[in-house]
């Protein structure tokens, strides 16, 4: 574990730290720690997936990162500034979160109303709101949905409106908390593309707490939680080629890697791949 951390520090030595989590512990009942002395860094413009089984602590850490929970021990820094739980301004202005079920984020009659609500809370000048909402809606391709009743939207459309609401406030860090879990396959695929675009085109730092092993392959780095502690961190290619670790931690394989493994059992050798296009390209070149 220490070796993983040192390697990550060396690879990112010239990048600013977006989050520094230092020796954080948390307990809901003040007896049993859900997070136990957790430390890790996340760098600016990095896409990090946090994974682990139910009860591992991954959803709790997301709530600590956005200030919904106050750790009983440890410190949290964002872009070098220690977060005071008496003043959340620096945290609130730099971090946005999209939850598993976006319904709780909708309060207006239309999608546009819901996006505007977040801007009103930030006391944004009403004269520029329409331009901000339009720009945010273009990023996630929902301009045609702005005047529609939020309750009539599909799950995938609601998630895109929720993302637009976050983007409108222009945070540097965006956290997705199990955001693909309630979506159909098409919705999941659309959301995964948006996550990549936010990192690659909008230069956001993206953190995804997820059970979706196929999404994890898109990340720059994976952090694995178990029983309130980090047991492994590394690139997807490092994590998912370590079959001994996957077996010992009872983690599932992404579908595309299961398929690659099955091909190898049929004497069709392929390299590590993160999507079906890469896999098909390798297979076609072998013919």
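Glycine residues also receive a Cβ, built from the backbone N, Cα and C atoms like all the rest.
As recorded in Swiss-Prot, the features of this protein are as follows:
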DOMAIN    19-252  domain 'ABC transporter'
BINDING   52, 53, 54, 55, 56, 57, 58, 59  ATP binding site
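Projection of Swiss-Prot feature records onto the structure.
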residue : record           : CB count, 10 Å
52      : ATP binding site : 25
53      : ATP binding site : 16
54      : ATP binding site : 7
55      : ATP binding site : 13
56      : ATP binding site : 22
57      : ATP binding site : 24
58      : ATP binding site : 25
59      : ATP binding site : 17
Inset, instruction - Translate the DSSP assignment of residue 56 (ATP binding site) into the three-state scheme. - result: coil
Legend entry - Any further residue of that chain within 8 Å (Cβ to the Cβ centroid of 52, 53, 54, 55, 56, 57, 58, 59) of the recorded ATP site: 60, 225, 226
Legend entry - Model confidence over the domain 'ABC transporter' (19-252), averaged pLDDT: 89
